[in-house]
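Participant: Have a look at this one.
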Amino acid sequence: MSKRELTKAEIEKLIELSIKAKDKAYCPYSKFHVGAALLDENGNWYTGVNVENASYGSTICAERTAFVKAISEGQRKFVAIGVSTDASEYTRPCGICRQFMIEFGEHLQIFLIKPDRSYLKVILKDLLPDHFKL
């Protein structure tokens, strides 16, 4: 995992892609739209949305959708992910997403994005300090 800082242009793209992705969310039950934009160490971008299901347990979060798309293309090293919602407060990834993402590096930068494009940057290991390891 790369520990490099994002450029201002990369942060803007992260915000833009995650907000655009959010509009494609399938959330007929919760009405809680989430969009994610993931940047790998080679400069490739992947987006994801939450996709709900009536059986709730088969719902997939936006963060995992973006990761699954990237992983299925052979990527394993990531720099940052942006997560946007319509909430007025910064929304952190759920516990399942935290554990899923940490498999690919503890130092992932997570940008929590509000509708007004303001953001809070956190580091994954700080959100899940005692994560499960084999």
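Here the Cβ of each residue, glycine as well, is placed from N, Cα and C on the backbone.
Bear in mind that TrEMBL entries carry predicted annotations, made automatically and left uncurated.
Annotations for this protein, taken from TrEMBL, read as follows:
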- 9-134: domain 'CMP/dCMP-type deaminase' (DOMAIN)
- Asn50, Val51, Glu52, Asn53, Ala54, Ser55, Tyr56: substrate binding site (BINDING)
- Cys61, Cys94, Cys97: Zn(2+) binding site (BINDING)
- Glu63: active site, proton donor (ACT_SITE)
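Where in this structure would I find these features, and how exposed are they?
Facilitator: Counting every protein chain shown, 13 other Cβ atoms lie within 10 Å of the Cβ of Cys94 (Zn(2+) binding site).
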Participant: If we count other C-beta atoms within 10 Å, could you say which of the binding-site residues Val51, Ala54, Cys61, Cys97 has the fewest?
Facilitator: Ala54
Participant: Applying the rule Cβ within 8 Å of the centroid of the Cβ atoms of Cys61, Cys94, Cys97, what extra residues of the same chain belong around the Zn(2+) site?
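Facilitator: Leaving out the recorded residues gives Ala62, Glu63, Arg64, Pro93, Gly95, Ile96, Arg98, Phe100.
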Participant: Quick check: with Asn50, Val51, Glu52, Asn53, Ala54, Ser55, Tyr56 left out, which same-chain residues have Cβ atoms within 8 Å of the centroid of the substrate site Cβ atoms?
Facilitator: Tyr29, Ser58, Thr59, Ile60
